[in-house]
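For reference, the structure discussed in these notes is given below.
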Amino acid sequence: MMVVSTYIGIYYNVVICIAFYYFFSSMTHVLPWAYCNNPWNTRDCAGVLDASNLTNGSRPAAPSNNLSQLFNHTLQRTSPSEEYWRLYVLKLSDDIGNFGEVRLPLLGCLGVSWVVVFLCLIRGVKSSGKVVYFTATFPYVVLTILFVRGVTLEGAFTGIMYYVTPQWDKILEAKVWGDAASQIFYSLGCAWGGLITMASYNKFHNNCYRDSVIISITNCATSVYAGFVIFSILGFMANHLGVDVSRVADHGPGLAFVAYPEALTLLPISPLWSLLFFFMLILLGLGTQFCLLETLVTAIVDEVGNEWILQKKTYVTLAVAVAGFLLGIPLTSQAGIYWLLLMDNYAASFSLVVISCIMCVSIMYIYGHRSYFQDIQMMLGFPPPLFFQICWRFVSPAIIFRLKNATKPSRDWGPALLEHRTGRYAPTIAPSPEDGFEVQPLHPDKAQIPIVGSNGSSRLQDSRI
């Protein structure tokens with residue numbers, strides 16, 4: 001679990017640093033990804049706003065021509081938000097092995113994010129506990145502001161209906177259940193070690209049964225609520241373009257840094273909404289990063305266990321933060337996003353399921369379920385409910401073991417996966433008989449991307465910041 005937390009913590013802070021970069025870039029009168037008149041834009045760029053209609057302090061008007069016709073006519077085009085993401089922020093290389101140069105703006109933001117994490121953990125849980133009161137609650141304020149704004153927009157209801165309408169034909173697909181398992185494991189922090197680390201600071205008789213129920217319900221409710229916020233805005237964007245919501249929905253980095261920022265450009269006072277959105281992402285990311293770093297630091301301190309290291313825990317935290325920063329530098333290069341997605345694909349799904357399965361079997365059948373239930377009764381003052389006893393002994397191990405195959409990575413090496421071949425921020429990658437994979441350059445005229453850059457699904461599972 002410590003290895004998983006360390007592994008995720010290295011690349012997770014890179015995602016936070018990109019959110020920092022977008023946050024700083026939003027401190028302007030006009031969002032830099034709103035138009036195609038920037039030096040980095042190509043001739044294939046086609047925005048939904050007309051730069052010639054820009055006026056002082058007002059929202060730019062949409063082009064007078066039929067947007068739906070423009071959308072259908074320019075399937076080979078790229079959106080300004082996508083080109084900003086791919087050609088300016090990342091300066092994406094055409095090969096996963098071609099690291100190119102380190103993107104200094106991203107490197108600076110990575111340093112800022114690690115400094116913030118270190119300062120918040122400088123006194124361990126005493127300092128991070130106070131910060132978490134803000135990082136855990138203020139995002140709800142931002143979500144509510146964005147939700148109120150989103151549902152008042154034309155087309156929001158269409159986006160929400162797309163979000164809540166199930167696709168029953170996919171309910172029996174193993175990949176759907178695997179993605180759902182990965183999402184719930186990731187969002188709850190199961191098998192990361194963070195829950196155990198944080199719980200170790202509780203009182204011995206703390207009611208962890210109550211806490212676990214509250215956390216599980218709150219986590220799932222927050223995910224559903226965030227979906228309403230996202231799809232109300234995407235519904236407005238789809239209505240503005242005259243296309244189906246599925247054409248503007250995306251997943252992974254494409255949702256957080258391409259599709260949603262593109263939708264924000266259509267709102268009045270778009271820089272304000274962009275600032276709120278990316279500030280929320282930063283807070284959510286920092287809350288997770290605190291837990292990841294504290295898990296590693298606590299594991300090191302507890303393993304050494306002498307009086308000296310207990311007194312010098314701040315220096316251990318500093319050393320871990322510096323090491324994390326140095327290990328994250330390659331991910332700020334021009335090929336960094338390829339490696340980030342590759343690491344995320346293998347760290348945050350299959351490994352967590354395997355660890356959870358081993359934990360269930362070890363506790364219930366090696367340590368013994370009777371001993372475990374007695375320990376819980378000693379701590380809580382009452383035995384665990386029968387429902388949980390049955391789940392822990394039989395249901396959970398069986399389901400988790402079954403999900404192992406659904407989350408198992410492809411036999412192909414990461415870059416040969418389909419989603420890495422077709423992603424708009426990735427090059428064309430295909431298996432090669434010689435070395436297992438082959439990377440081909442990405443040509444803008446072959447991107448097959450609509451003007452809003454939506455070629456992904458509506459799944460939010462990978463949007464984890």
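Every residue gets a Cβ built from N, Cα and C, even glycine.
Annotations in TrEMBL come from automatic prediction, not curation.
If you check TrEMBL, you get these features:
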BINDING   S187, N219, L284  Na(+) binding site
DISULFID  C36-C45  disulfide bond
TRANSMEM  7-24  transmembrane segment
TRANSMEM  104-125  transmembrane segment
TRANSMEM  137-164  transmembrane segment
TRANSMEM  184-201  transmembrane segment
TRANSMEM  213-238  transmembrane segment
TRANSMEM  272-293  transmembrane segment
TRANSMEM  314-340  transmembrane segment
TRANSMEM  346-368  transmembrane segment
Distal contacts, the transmembrane segment (272-293) - CB-CB under 8 A, six or more residues away: 5-6, 8-9, 12-13, 15-16, 19-20, 22-23, 26-27, 31, 113, 116-117, 120-121, 128, 131-132, 134-136, 138-139, 142-143, 145-146, 149, 189, 192, 194, 197-198, 256, 260-261, 264, 317, 320-321, 324, 465
Query: Same-chain Cβ contacts of the transmembrane segment (213-238) under 8 Å, 6 or more residues past its ends?
result: 140, 143, 146-147, 150-151, 153-160, 162-163, 183-184, 187-188, 244-245, 247-249, 255, 259-260, 262-264, 266, 452, 458, 460
- prompt: Which of 137-164, 184-201, 314-340, 346-368 shares the most C-beta pairs under 8 angstroms with the transmembrane segment (7-24)?
  reply: 314-340
Statement: Tertiary contacts of the transmembrane segment (314-340), defined by C-beta under 8 angstroms and 6+ residue spacing from its ends, are 9-11, 13-15, 17, 90-93, 95-103, 106-107, 110-111, 114-115, 117-118, 121-124, 253, 293, 296-297, 300-301, 415, 420, 425-427
For N219 (Na(+) binding site), the number of other Cβ atoms found within 10 Å of its own Cβ: 14
Query: Are there residues at least 6 beyond the ends of the transmembrane segment (104-125) whose Cβ is under 8 Å from a Cβ of it, and what are they?
result: 13-14, 16-18, 20-21, 24, 89, 131, 198, 201, 286, 289-290, 293-294, 297, 313-314, 317-318, 321-322, 324-325, 328-329, 332, 336
Query: Taking the Cβ of L284 (Na(+) binding site) as centre, how many other Cβ atoms lie within 10 Å?
result: 22
Field: Nearest of the binding-site residues (S187, N219, L284) to C45 (disulfide bond) - Cα to Cα
entry: L284
